[in-house]
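Per TrEMBL, the feature transmembrane segment maps to 9-32, 68-88, 100-120, 154-174, 186-219, 240-261, 578-600, 612-630, 642-662, 674-694. Summarising the annotation, TrEMBL assigns domain 'MIR' to 296-359, 370-427.
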Amino acid sequence: MLGFLKNPVVITAEINMNLMALIVMGLISRLWGLSYPRAVVFDEVYYGQFVSLYMKRIFFVDDSGPPFGHMLLALGGYLGGFDGNFLWNRIGAEYSMNVPVWSLRLLPALAGALCVPLAYQILVELQFSHCAALGAALLILLENSLITQSRFMLLESILIFFILLAVLSYLKFYNLQRHSSFSGSWWFWLLLTGVACSCAVGVKYMGLFTYMLLLAVAGLHFWHMIGDQNLSNVSLMCHFLARGLALIIIPVAIYLSFFYVHLTLLYRSGPHDQIMTSAFQASLEGGLARITQGQPLEVAYGSQITLRNVLGKPMQCWLHSHKNTYPIRYENGRGSSHQQQVTCYPFKDVNNWWIVKDPGMQQLVVSNPPRPVRHGHIVQLVHGITTRYLNTHDVAAPLSPHSQEVSCYIDYNISMPAQNLWRVEIVNRESDTDVWKTILSEVRFVHVNTSAVLKASGFIGASLPEWGYRQLEVVGEKMSKGYHQSMVWNVEEHRYGKSQEQKEREVELHSPTQMDISKNLSFMAKFTELQWKILTLKNEDTEHKYSSSALDWITMDTNIAYWLHPTSGAQIHLLGNVATWTSANVAALVYMCLSLWYLIRRRRKIYDIPEDAWQLWVSAGGICVGGWAVNYLPFFLMEKTLFLYHYLPALTFQILLVPIVLQHLSDHLCRSLLLKSMFSALIIAWFSSVYLVYCTFSPVTYGEPSLSVTELKDLRWKDSWNILIRKQ
């Protein structure tokens, strides 16, 4: 029974010492002195604010991309016990003792360190030698810009890690395809490809470029499989479904899960939720939810309401009126109706309240039972405080003479009759009998007499002059001008009016609502709205001192000063290894020239290299040159402020190309032993220069030791570099 104990239990394992050494060196280069400097470094001032909001569960919107990267940074803060209490107000501010600096910077540093062994593995899977793979990993290891970017609370190193992981996973999957389809390892690497792609996109939308590249490569490989007569139709269909599941369906599901976790964690109201719809705001704890909790759901005749413009640009505003009238004549001599002003006011105010009135009845209170207003019903909107009716007519608006003036009607007995009937059109209705609902319904008000639509024109900056208190203009826009969100309104605050007398009604308008009904948005509704805001919300881009153009990146004609010691000459810059950047550019040029030469020669039926070497050359270029192109060229089409760090994913692919080109030159162009020896000597000399440049710039990569003025001037290898030198 115990016979199995007679022989020892033996476990055999193969350990790649190259890989282990690269992991150790990567960790040392990225984790050494990680808490230094103990001060806010460059964009830490930006991402740190979001980490604090995560710690406090306060909702925010970042228009730069999805939330997964922010959540990873927040995870570092959570693991370090960060309570979120730090004012991220300026670069260089000293961190207080409650900020776990090492923990906050840990995950980006780990991601940056693991990029080193990933580079090694990618070249091995591309069927290049271990020597070439080791060279690629060492180039990544000694790249100053990648070190700098991975040692702080920034997202680029995490993005590059997931991009390289996706590429490696796909290559491993593809190599397994030849002899072990649908095995456990085959499924693992295929699924990991999809997971890594979704994580890359979830960190920054730049990850989408590599994701699309891998989809294109997978599509091309599957196209070749279709031509394989040894595969049955059933087998091809299984391959197709497996790729669709792993590379499309699962990544989409994971991407949605990032937002689900994000919205679950951030359930409290904060300053950012003002750009969201009223329905979204009401779903958050505090803020608008505190005001609107318990409101009646259905708008009825006699309802007292505030109307918020859905567009919310340039700021959120509510339909508003006050006792002041339009001037008889404007500054340009054009006349007005001299009626009571109607504006869009960006603050909550008692003059934002309106009463929904049935045109056929005089009462301004809700009947029992309430009579709900439905899509297509005709209503009058009575201003709560002044009791004047919302009106528009064929008089030019004050700032938009092509549109109609909107006013509250005053009877001057001058043959200008009231035109105060409005048709309620529910834009997001499910049927033509839908009831007008608080917060949830988005409505247009179409003027019965003129077919003009009530519109806030302030989205183009149309603020009224002093006589209008700089409030935003409201106009009647002809429907022929087309649909725009500025024509859509929703009820934000709502109560059932009970007081028929004006004095009592004014007191009622100042008091909070108390009825009990809850309104919850589904996750998909929240996701759709938040995703749309991320994609369309644009901060006003201002020229930044360290912004640059995409053309500046190739030759590294720009740098970014990340941090400056308050008293000494110690500083940190985003600067690349000049030897590596130059070599990467040369390698890309050599690759494209050689490829063109080979193609022309092959067209003439002249084959300079064996077919397997040609296939290897093409596949490696598809990944490396393709990765560089898709991560670089789109920036020429972007209208946004660009920085040098945007180039780092493209640079990583370009660096991988260097040892590929070198090995190809050695194997196929250096035909004699003498040439091979000379070429090897040149490679050793070149790599020594890479290491020398790394050492030269390491003081501004790690921020220490402090350099003298002379030493700092010596580092200014290009006139366009902005090395900070204190005035003596």
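Cβ atoms are placed via backbone N, Cα and C, with glycine included.
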According to DSSP, how is the domain 'MIR' (370-427) divided among helix, strand and coil residues? 0 helix, 26 strand, 32 coil
Verify whether three or more Cβ pairs under 8 angstroms connect the transmembrane segment (578-600) with the transmembrane segment (154-174), leaving out any pair fewer than 6 apart in sequence. no
So what's near the transmembrane segment (9-32) in sequence-distant terms, Cβ-Cβ under 8 Å and 6+ beyond its ends? 106, 109-110, 112-117, 120-121, 130, 133-134, 137-138, 141, 147, 150-151, 702
Assess whether the transmembrane segment (612-630) lies in contact with the transmembrane segment (68-88), where contact requires at least three Cβ pairs under 8 Å among residues 6 or more apart in sequence. no
Intrachain neighbours beyond the transmembrane segment (240-261), with Cβ under 8 angstroms and 6 or more residues off its ends: 66-68, 71, 182, 187, 190-191, 193-195, 197-199, 201-202, 211, 214-215, 218, 222, 523, 526-527, 530-531
Mind pulling out the one from 100-120, 642-662, 674-694 with the most Cβ pairs under 8 angstroms to the transmembrane segment (578-600)? 642-662
What parts of the chain pack near the transmembrane segment (100-120), using Cβ distances under 8 Å and only residues at least 6 beyond its ends? 18-19, 22-23, 25-27, 29-31, 34-35, 38, 48, 51, 72-73, 75-77, 79-82, 133-134, 136-137, 139-141, 146-147, 149-155, 157-158, 160-162, 164-165, 168, 652, 655-656
For the transmembrane segment (674-694), distant same-chain residues with Cβ under 8 A (at least six beyond the ends): 135, 138-139, 142-144, 577-580, 583, 662, 665-666
With helix taken as DSSP H, G or I, strand as E or B and everything else coil, how many residues of the domain 'MIR' (296-359) land in each class? 3 helix, 30 strand, 31 coil
Pop the mean pLDDT for the domain 'MIR' (296-359) in here, whole number is fine. 89
State the non-local partners of the transmembrane segment (642-662) in its own chain: residues 6+ outside its ends, Cβ under 8 Å from one of its Cβ atoms. 115, 119, 122-123, 126, 128, 132-133, 135-136, 139-140, 143, 145-146, 149, 154, 156, 159-160, 163-164, 206, 209-210, 544, 546-550, 552-553, 556, 558-560, 574, 576, 580-581, 583-585, 587-588, 590-591, 594, 620-621, 623-629, 631-632, 635, 683
